[in-house]
Amino acid sequence: MMQRLRLARRGLALSAVRRQTVVPEEEPLDAYEREHLKHRIEITPFQRMLLGAGSSVAAILDPRRHDMIACLGETTGEGALWNILDTMEASEEGQRILIDKPRIHTSTIDFKRLETLPPDTFGAAYVKFLKDNNVTPDSRMPVRFLEDPKLAYLMTRYRECHDLIHTVLNMPTNMLGEVAVKWVEALNTNLPMCYGGAVFGAVRLRPKQRREYLKRYLPWAIDNGKRMKPLMPVYWEQRWEQNLDLAKKTSPIMLPALRITRRDG
């Protein structure tokens, strides 16, 4: 019965998307929905299957193909995203995120203010992570192959929060750190793309890294991934001033991070 209700709900949601596309004035679109319509590419189920298969092969052969990784996430993640939506709607904090649709990039976050926060706060740790790893929140690709705007936003949210998860877990952006974070995200979100990145990313580890991965990182990542509360309903932007070390000790959302040494490289 629950499965039938969920399928009916998804059908109604897709019908609503089509009505918005044809007669947008009847249901005013918010800023994210308007942006999503500019980038959205409608595809058939068969095209979705082909894109999913092709992007998975391309991503395995070359993990630097971020466009293929993004395509893989969108063409294989719809079922997991519906479950994430249910989780978000069951949480007060998640409901606020769905209403506000916050974005994480340099035009929406006051990074100058975050730099002035005490070094033990989440906001300061996030800025330090970006600088230390030479990454920017502006590099995420727009969602193109998800029709429902709610699911498209959740995929966008997942992408934009990825570096925040790195920060919380104290993981660098090298292959070893990425694989560990992907395991945590996979077990927390059930997104097929995350499982793929975790499994096939580990294959590309160097022998020394693989030993560390099997001995320390993999058990740690699986334990954290299973024990953490859902990460998607976390309104990270309202936690910039939170003490990161205290949060890791007291919150089931932020568990103690694995100690990283230079030899892990």
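Note that Cβ sites are derived from N, Cα and C of the backbone, with glycine treated the same way.
Residues within less than 8 Å, Cβ to Cβ, of H162 (Zn(2+) binding site) and separated from it by at least 6 positions along the same chain comprise V181, E185. Marked as Zn(2+) binding site by Swiss-Prot: H162, D163, H166, E178.
Classification of E178 (Zn(2+) binding site) by DSSP places it within a helix. Sequence-distant neighbours of H166 (Zn(2+) binding site) (same chain, 6+ apart, CB under 8 A from its CB) are F129, N133, P172, T173, G177, V181.
For the binding-site residues given as D163, E178, the lowest number of other CB atoms within 10 Å of the residue's CB is seen at E178.
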